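Visitor: Reproduced below are the annotations present in TrEMBL:
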- 655-674: compositional bias 'Basic residues' (COMPBIAS)
- 675-688: compositional bias 'Polar residues' (COMPBIAS)
- 691-706: compositional bias 'Acidic residues' (COMPBIAS)
- 729-742: compositional bias 'Low complexity' (COMPBIAS)
- 785-851: domain 'SAM' (DOMAIN)
- 633-769: region 'Disordered' (REGION)
- 11-111: repeat 'MBT' (REPEAT)
- 119-223: repeat 'MBT' (REPEAT)
- 233-340: repeat 'MBT' (REPEAT)
- 348-445: repeat 'MBT' (REPEAT)
Amino acid sequence: DAGSSVEEMEFNWDEYLEDTGATAAPHGSFKHVDTSLQNGFAPGMKLEVAVKSDQNTYWVATIITTCGQLLLLRYDGYGEDRKADFWCDIMTADLHPIGWCEQNKKILKVPEGIKDKIPDQEEFLQRVLKGACSAPANLLEGLHRGKNPLDLIAPGSRLELQNFQDSLEAWIVNVVENVGGRLKLRYEGLEDSDKFDQWLFYLDPFLHQVGWAAQHGYSLQPPSAIRSLKSEADWQEILKKVKEEEEESSVPTDLFKDKPVIGVHSFSEGMKLEAVDPRAPFVISPATVLKVYNEKYFMIEIDDLRPDRTTSQTYICHVNSAGIFPVQWSLKNGLHLSPPPGYPGQDFDWADYLKQCGAEAAPQSCFPLLTSDHGFKENMKLEAVNPVDPEEVCIATVTKLKDSYLWLQLEGSKKPVPDCIVSMESMNIFPVGWCETNGYQLRPPRKAIVNKQKKIAVVQPEKQILSSRTVHDGLKNQELTSSDSVVINGKYCCPKIYFNHRCFSGPYLNKGRIAELPQSVGPGNCVLVLKEVLTLLINAAYKPSRVLRELQLDEEAAWHGHGETLKAKYKGKSYRATVEVVRTADRVADFCRKTCIKLECCPNLFGPQMVLDKCSENCSVLTKTKYTHYYGKRKNKRIGRPPGGHSNLEVAMKKPNKRRKRRKHFFVHKKKRSSTSVDNTPAGSPQGSGAEEEDDQDEVDEESLTEDSTSEHQDELLEESEVSEKKSLSSSPTQSELSHSLAQDRDKRKRKLRTFSFSDDENKPPSPKDIKMEVAEKLQLDSNPLEWSVADVVRFLKSTDCAPLARIFLDQEIDGQALLLLTLPTVQECMDLKLGPAIKLCHHIERVKLAFYQQFAN
């Protein structure tokens, strides 16, 4: 079938969950992952900030919320009043820990806005700073400023690891790799061998900062497994070298403040219990407390009654160790207890066994209380470490739950393993998507889910050319992939690509999501690195499908590089398009710059150059409208089909087999809505975001790319929209002018879709007074809407025909600032309104915006 294509063989969690009918385990159930995502700053922390009106003075501010490297702050003294809240970047703002001004002879002075509220500055500071938590000094100053705390555990950092066979000993380990807090560790002195490497999460109770052993009276000795590889003199020389370089490779102690605290146990030698061997957690077996080291640590041995045994299964435990249970726990929970090797008979009985061994069972009070308060359910999916091969992270399915333990079936491991018994508090389980987020390879299922063929919506004769080109591109891609194992160098090696999130993000990309992207990607193969960069950008967009459409290859353009299929998901639909990327390093910088310009963002937003202090484009001083004028493109876009009569953008509906309904002629409705719903926001306003302004247009473009019809519900909404518009037009004193402009606009749209922000022949950014706006009636405001309280907003709405909606604004505490930021997409999404009422409401919001710019903006 010339009009179809097959999805490339690549694992995708969303499609896998849909095909298997399973659900993902909730992210909140993985506490260690939540902890690892914290940036070190927390709401409620206080710091000293330069006062905007007088940069030579400072005042105490409280962190309201955080977003990557951005902090939302409020000066102390404003109380619950958020009108003066402000965002600042940790990397560029003048921020300091509490006490910095006193140490550096700087002035603490009350800002002008709250001077009247604070008559006695000294008394006020004493009161607000009593018991206050200061922001960490190491994250505000020096080399660690603005960095995610987790990133401070870089390859080459040193830590101390307790011996799993003797808890009173520890040895230095080097961090080889840091994957989202999961560390690959290599013993100091074994730089050339990975045979004894360990994988541990950074919050593991057995992992500590350098110097921990000396502080707590533990000996620093290499484990017995590696001790024979070097002489005692060599080990001492290594230890001496480590102590000399301690400051260079040390990790801040603040990183370990969230580690679980090990409590005091009450086990005694010889006590019996049930246990799961952490190195082979597949069965529950009888076990014995072999040795007690101190009040915190003891050794457990899995029972083995064979007289000729040569090895023993022992490991160190503490009171909160996973996989230890009281006698009879298996029986009470209907689970099988595996008898010890050499046990006579098949039916194991604890009473007989204790009598036979002359031992006592560990009392219930020795074990921590098991909780069942969690979000896991049977058949849920997650990602889990393979205990047999810790390098592997596999897809896991919950097959059974008992108390706070999971039975996990691992899929896709190199060697099949039985169901694993894992604590819900384990740091070896992760939420769906964790591997992808951290750039680690997830083992896909052995039998990959092969997607059904998906038809391209708009099929034209030119599609034959596209298909042959795609096949040719696939062959080139195969050649590239087959050589991935070879060391990539020379012209095909892409340099490191930096995301300069302080640069202007443009109308398509979400600033908050850009701030959450990794600092850099690469180096590596050009095609693979650039594909990853573009995928991250698409996922950071307000509307991923819109960015994918901007990036897709123009079929009429010359083919200069390598075609890659990229995907986007938006509002339950999947989109795919062929995007051109360059293959050689000498073209990477130009490719990144041109892509930025395509997306109407700063040309330095991403690329091989890191922007340190000030962007060379000076993009921070430009508003969105001005910036789009200078750097943006102005394409002639037609509603319906893209230029050339076809597109390589594919859309897949979630239920492609649903019976199709007759498609109504909704393009007329869309055009009417687009032409009358002119965005009245002046140039340079906060609403100058293409992501919101062109939402309606995007819906037309995307829907025109699928053969699946719109539902009757959508058509009803469109009809409702048309009715509401007619009502608003009939009540308007400028009805004839609007009708005339509607007819003119319809004629223009037959030729091309034009934007409303500025004309094609402008040479300078327009000012608000240059833009012609037509509204139903002019609104005269008595006060600045920026200063409106929630009650003021509710009072205004009750004076309009949207009075029934005032309750929503009251419940969601929408004040004047929030009101001015509302757009049609956000109103529909956040207030769950139908299209007709949403448009009516937005009409009044636009009147307020216009009045604000005319009366108060200057």
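Even glycines carry a Cβ here, placed using N, Cα and C.
Remember, it's a predicted structure, so these values are computed and weren't measured experimentally.
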Visitor: Mind pulling out the one from 11-111, 119-223, 348-445 with the most Cβ pairs under 8 angstroms to the repeat 'MBT' (233-340)?
Guide: 119-223
Visitor: I'm checking region-level scores; what's the whole-number mean pLDDT for the repeat 'MBT' (119-223)?
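Guide: A mean pLDDT of 86 is what the model gives the repeat 'MBT' (119-223).
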Visitor: How many of the residues that make up the repeat 'MBT' (11-111) does DSSP mark as helix, as strand and as coil?
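Guide: Result for the repeat 'MBT' (11-111), in helix, strand, coil order: 21 helix, 35 strand, 45 coil.
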Visitor: Would you list the DSSP helix, strand and coil counts for the residues of the repeat 'MBT' (348-445)?
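Guide: Helix/strand/coil tally for the repeat 'MBT' (348-445): 15 helix, 31 strand, 52 coil.
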Visitor: Looking only at the repeat 'MBT' (233-340), how are its residues distributed among DSSP helix, strand and coil?
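Guide: Result for the repeat 'MBT' (233-340), in helix, strand, coil order: 24 helix, 25 strand, 59 coil.
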